[in-house]
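Positions annotated as domain 'EXPERA' by TrEMBL: 86-226. TrEMBL lists 85-104, 142-165, 177-197, 209-230 with the feature transmembrane segment.
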Amino acid sequence: ERLGHQINTVQHGDHGPLKTMVDLGSQFYVQAHIPDSAYIFVQVGFGFHVQFTLDEAQQFIGKKVQRLKIFILFFNMMAPRPCRWLDFVFFTFFLTHIPITLFFDLQALYPTSWVPEKLLAIVAWYVDITCDPFMDPLNDMYWFKSLATLEGIFQLPFFFVACYGLYYGKDWIRLPLIVYGAHVVTTVMPIVLELTANASLALTVAQRGVLLSIYSPYLIIPAVMLVDAYRQVSVQLFSMPEE
């Protein structure tokens, strides 16, 4: 753009001889004489210079500037911003939650014929060693299936949105994180309470401890997410200038 402005200045002149200062390196300038200012050499890339008339140079510069602006816009959209360590934790949480939801949590809703034998075997092995009453296909806990339905309908699509927003450091993701955090805390709390206080479950103290260690992160991380996102949204709201 600067070159375009300089060419525009020359075009408004008489296209006669010019005197200019040329940088020879290390900011050492010498005076140069240009006998004919009707032509200019422009670097077009890869070390090549092409002779243009001033009008041709203006056309080339205009197209070059537009391409550079598009490239910069694309780069700014795609380049991840530096993120806080909490954002990295949240991003990892959502990214790992996608296959867990698709392949394991939603098995309670899929017809058995839809699930590959290996995945069924993995869940059976998990239930066998942990005695997880919620993942056991023999237990018809419809309230738990309702939570799994909400996870598949609302949470699973949001996992992809959250990964995008956190990876690229988007400010707009904070408000949806508040909604997600509040929703998940209220759905996982009954599971944790069931494992902790329901004496009718045939679980030993060790088994309850193992299951709590598995489910608790899905309560703690969304709770931290809720508080952190609320704090950031509050800072943005209170920092807005008053009209």
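The backbone N, Cα and C atoms fix where each Cβ goes, and this holds for glycine too.
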Secondary structure content of the domain 'EXPERA' (86-226), with strand meaning DSSP E or B: 113 helix, 0 strand, 28 coil
Intrachain neighbours beyond the transmembrane segment (177-197), with Cβ under 8 angstroms and 6 or more residues off its ends: 90, 134, 143-144, 147, 150-151, 154-155, 158, 162, 203, 208, 211-212, 215-216, 218-219, 222-223, 225-230, 233
Overall pLDDT of the domain 'EXPERA' (86-226), taken as the mean: 92
